[in-house]
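> Below you will find the structure I want to go over with you.
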Amino acid sequence: MIKERVKMEVIGLEIPLISGNEDYTLAELISTYPLEDKDVIVIAETVVSKIEKNVILKNEITPSNEAMELSKKLGKEPEVVQVILDESNEIVKLGPNFIITETKHGFVCANSGVDESNTSKGIKPLPKNPDKSAEEIRMGIEKITGKKVGVIINDSMGRPFRKGSCGIAIGVSGVCGLWDRKGEKDLFGRELKTTEVGIADELAATASAVMGQSNEGIPLVIIRNAPVPFTNGTGKELIRKKEEDVFR
């Protein structure tokens, strides 16, 4: 007998194109939608970077000798390579036409998360502090609406040993980031010993499927009735420490 247990709603929202010259905050914009308690609001990092004016014009960049040399190997403009280097702690892997770095946030990804997509001009790094951005947006929404919500800032990144990019959570506020389920029992009463769920990543990927990664124009997703604890989670707790990384 099949029994319905969970019914989650995913709502993709179109918003005005963000230029960076807005006279309103993201919290104010999002609060114009009829939110409900325990909605999880997932926002594309592009929107956050643009409204925070975290876009760099190419004529403001002076490429270093290292950037000039790398640009030849990577087939990228020296200005873009310079921003990639500026946003990184270290180069993890370098090859023909690709560069994998550890960003200043601790993410290991291609190009330090830097790109020019969905930006009319300039080069767009990731938000400087995604957890702080998520926190400020959440607090603003809760102040305006009186609703208790969670906020996730997501980005699409490639995955080792898997093809295709997938949405991940880079900033989290108001919901659990890493859900530690150790000590709970499985269906047969056995105690879980190692289970940790990257629940914020799972929600980020769910939202990313609706957002799309081309010209869909849906940078905001509301996830309603999500089976997630509403705790003080962060995106940082999803980052594996270097000393725990068996591949580096």
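Glycine residues also receive a Cβ, built from the backbone N, Cα and C atoms like all the rest.
Pulled these features from Swiss-Prot for this protein:
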BINDING   15-18, 45-46, K50, N118, 211-218  GTP binding site
BINDING   D115, D155  divalent metal cation 1 binding site
BINDING   S156, Q213  divalent metal cation 2 binding site
> Provide the number of Cβ atoms within 10 Å of the Cβ of D115 (divalent metal cation 1 binding site), excluding the reference atom itself.
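I count 19 other Cβ atoms within 10 Å of it.
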> Please list, in sequence order, the residues in the chain of M211 (GTP binding site) that are at least six apart in sequence and whose C-beta is under 8 Å away from its C-beta.
G12, V42, A44, N154, G167, I218, P219, V221
> Helix, strand or coil by DSSP: which one applies to S156 (divalent metal cation 2 binding site)?
strand
> Would you count the other CB atoms within 10 A of the CB of G217 (GTP binding site), including those on all shown protein chains?
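For G217 (GTP binding site), the 10 Å Cβ neighbour count is 12.
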> At the level of the C-alpha atoms, what whole-angstrom distance separates K50 (GTP binding site) and D155 (divalent metal cation 1 binding site)?
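Rounded to a whole number, the Cα-Cα distance is 14 Å.
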> Out of I15, L17, E45, K50, which of the binding-site residues is least crowded by other Cβ atoms within 10 Å?
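Per-residue Cβ counts within 10 Å for the binding-site residues I15, L17, E45, K50 bottom out at L17.
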> Work through the binding-site residues one by one (S156, Q213, N215) and point out the residue whose CB has the fewest other CB atoms within 10 angstroms.
N215
> For D115 (divalent metal cation 1 binding site) and E45 (GTP binding site), what Cα-Cα distance in Å is obtained after rounding to a whole number?
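Between the Cα atoms of D115 (divalent metal cation 1 binding site) and E45 (GTP binding site), the distance comes to 11 Å.
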> Compile a sequence-ordered list of residues in the same chain as D155 (divalent metal cation 1 binding site), six or more apart from it, whose Cβ lies below 8 A from its Cβ; state 'none' when nothing qualifies.
A44, E45, G113, L126, G167, I168, I170
